[in-house]
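Notes for the one structure printed next.
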């Protein structure tokens, strides 16, 4: 039984009878019995109609209420996009009819739907469509479900489950907007009852705030390597797989889920065999990591090949994406895909503007001397640590660092409402001058994703990328390092902590800063 407005209206009229008739099967049902309750759940008779969650407005409201000092750049209105000049190819990609508005001057040519300019226009259209269309009793508080009651299914065609586990289920489905078909991903994932209750009061888990930040990076054309998030719903009775301890069999359980609708990708990074493709993937991932580190102090905490997706795009010879970073242009060849940094479920921010408590371990300052970046260590006099009741206590002096000279250096940990008494002024909002140890961990996960090694935060290990080219491996291996929070940060290895510096170290040797002759520039991105 799925939601049907006419049948639910009929149910509303007869549900209080002693033996009401099921409007879906025309059979009598026992009042307050299991079938009766299921019909009530589907029709949600006792809930006032609601609207789809507008992620942008709610996250901005959350920011304004909780962190008024955070400044997120306002997205510019999507420009009318000119198609890049391309040489004709004997292999033509199927072109859908023009999109999206009633104004013929603002059509979107889906032949170039992989460009960020087009993706931003499509995102706005899809978000508006979902907000306007999915807006009736189906999605009222806690009843927007892909599994179990399946109240959302009627809005999509060709729905397929493409991933399933204890976290929930990932679906892909199509929506039709003005005779143009778009595929989107729908993630139905388990959340706690506490998170669900907070969400209904518009107090969203921080992951949703991060999704909004990724949308802003995309809308401001800084970096294309994130998924657009369109909207978020909640389901009080979703069905997920529940693993039984010491039993190989599994069964499903009914729980509470968030249902997040996002831009669809095609696969993870498995299958990259050419040197150009491997280098392009490395550049794109490091560019995305640089954005989240510098702008928001976000530590991803789970970068691995399964969490970097791939959006396949058409390619032709001599096509490039231009990235502007620190005053230098990098020309990244179009190798047939856009890499997407995905899954911020365990991420957190150490920015004082966002974090509610922890501002990170910062053992050194980045200085620029003799045309190179170097670390300059500093010390603190006090060290915060939480007791078993969660109260911050002071440890003086702080723990010392390991290695030659470490006895004179301290482990510098910063937290909200705690003065660590540093020996120099520390700007906790400047992640380029005062990086955190977590930034090193993210970058190590990126390079180890290619050459192999232990994951830095999560349990498990990266395996070497299958088919990794010797030139790529040789370029990456020098930047694999094993540091602990109590290690002395290597003076001449700032690139281990700053993704932008690592980009320059690796990609100048492959000629990425040299403008290719007669290059077709598909799009330009201005990294922060």
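Every residue gets a Cβ built from N, Cα and C, even glycine.
The region 'Disordered' annotation in Swiss-Prot covers 70-96.
For 73-95, the entry in Swiss-Prot reads compositional bias 'Basic residues'.
Sequence annotations record features per position, and here Swiss-Prot assigns domain 'Protein kinase' to 156-507.
Taken residue by residue with DSSP, residue 170 (ATP binding site) is part of a strand. Sequence-distant neighbours of residue 170 (ATP binding site) (same chain, 6+ apart, CB under 8 A from its CB) are 161, 162, 163, 164, 185, 186, 187, 188. Annotation source Swiss-Prot lists ATP binding site at 162, 163, 164, 165, 166, 167, 168, 169, 170, 187.
Summarising the environment of residue 302 (active site, proton acceptor), the number of other Cβ atoms within 10 Å of its Cβ, over all protein chains shown, is 19. If you look up Swiss-Prot, you'll see 302 marked as active site, proton acceptor.
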I need the CA-to-CA distance for residue 168 (ATP binding site) versus residue 302 (active site, proton acceptor), whole Å please. 18
